[in-house]
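Structure first, commentary second.
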């Protein structure tokens, strides 16, 4: 980022005071002072956590030659502008643990020690059919992942040894500084090129022949994914600790996310199923029966009750024929049938009379001839209301576009006229 150097020098003695060393202290003096004070103030020994954090922050800055030079010249404010937080970006426990090897603690097995970072989870979509989540199924999936090298146990070297990177002092990060003029500089923090951000290097002759010093190798892994009855869309199935492995890292999880595909016949809403069925007007008035093939291939006989009339756009429900309830597979939701009644296009006069003879008479009184004479006669025609509304909306848009072309800048002309 770009920043202007402070107009006045800010505090450049605080970090030395925290460590209890003079500004002329050599790197070895800094190490000794930090180690002694950090052990004394370590939280696992009842020390002050804030003091422990301050010690780590001070040592991180002063042990890095480039950061120390900036601090001595401009003070802590310059570090905050260019590096964010005055160089306190590393975990104080990680800095402390670098003095005591991979165990990271001098206080025995009960000490907190070096905290491992957690690897990223790997998420995969898992497409399933409605039949899959109705009946339950198992899917075998082959995946590629990174695994710790078995030959060197993830060390990267034949001897198991590594060296602290001299380019970044083991931090894994470096800072590049560019000066553009008096008081103008650019400070960029980036992964160390020498160690690729690991903070350590391996001698070429000592590199593991299997992983070539990378510490991990690619491997194929087959997972059996158990899709249980009643699982929902977007529900997750987790395989803990099966993602990519890395040294000093808690392995992340592989997560499969259920993606339920659309079904041509059934629609699912939670634990219920919906199906559309069309019947004729005769069936709606006189009764119906039909066979419905369910998701498990069972044949269900669906029929109306004697004398029952089915109204258009009505619903009927069948209990315990919906989706199995997750982890309670012997309990199911409902199956809803949405009825559409198909009316005839027209009727002959004889059919009309026959129907009038059996259907209930109209409840409203007939219109008299005198009332008819006072009315204007109209003609009804068929219409698809959705298509009609779309056509009108399109016509309005075209009319608006034509008006804009005929009168460009119309609103501006009105404003000028008002002046």
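The backbone N, Cα and C atoms fix where each Cβ goes, and this holds for glycine too.
Counting Cβ atoms from all protein chains shown, residue 152 (Zn(2+) 1 binding site) has 22 others lying within 10 Å of its own Cβ. Under the three-state DSSP scheme, residue 152 (Zn(2+) 1 binding site) falls in the coil class. Residues or ranges marked as Zn(2+) 1 binding site in Swiss-Prot (evidence: similarity to another entry): 149, 152, 208, 211.
Taken from Swiss-Prot, the feature Zn(2+) 2 binding site covers 165, 168, 192, 195, and the record attributes it to similarity to another entry. Within the same chain, the residues at least 6 positions away from residue 192 (Zn(2+) 2 binding site) whose Cβ sits under 8 Å from its Cβ are 165, 167, 168, 171, 172, 173, 174, 199, listed in sequence order. According to DSSP, residue 192 (Zn(2+) 2 binding site) sits in a coil region rather than a helix or strand.
The compositional bias 'Basic and acidic residues' annotation in Swiss-Prot covers 378-391.
Positions annotated as domain 'J' by Swiss-Prot: 14-75.
Annotated cysteine methyl ester per Swiss-Prot: 416, in sequence order.
Annotation comment: Swiss-Prot describes 149-156 (among others) as repeat 'CXXCXGXG motif'.
Remark: secondary structure over the repeat 'CXXCXGXG motif' (165-172) totals 0 helix, 0 strand, 8 coil, with classes taken from DSSP. The repeat 'CXXCXGXG motif' annotation in Swiss-Prot covers 165-172 (among others).
Residues 164-168, 170-174 of the same chain, all 6+ positions outside the repeat 'CXXCXGXG motif' (192-199), place their C-beta atoms under 8 angstroms from a C-beta of that stretch. Taken from Swiss-Prot, the feature repeat 'CXXCXGXG motif' applies to 192-199 (among others).
Residues 148-152, 154-158, 202, 246-247 of the same chain sit 6 or more residues outside the repeat 'CXXCXGXG motif' (208-215) yet have a Cβ under 8 Å from a Cβ within it. Among the features that Swiss-Prot reports, repeat 'CXXCXGXG motif' is placed at 208-215 (among others).
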Cα-Cα distance linking residue 195 (Zn(2+) 2 binding site) and residue 149 (Zn(2+) 1 binding site), given in Å to the nearest integer: 19
C-beta crowding around residue 211 (Zn(2+) 1 binding site), within 10 angstroms: 21
Overall pLDDT for the domain 'J' (14-75), taken as the rounded mean: 87
Helix, strand and coil totals (DSSP H, G, I; E, B; other) for the domain 'J' (14-75): 48 helix, 0 strand, 14 coil
Zn(2+) 1 site shell beyond 149, 152, 208, 211, criterion: Cβ within 8 Å of Cβ centroid: 150, 151, 153, 154, 155, 156, 157, 209, 210, 212, 213, 214, 215, 216, 217
Secondary structure composition of the compositional bias 'Basic and acidic residues' (378-391) [DSSP: H/G/I, E/B, coil]: 7 helix, 0 strand, 7 coil
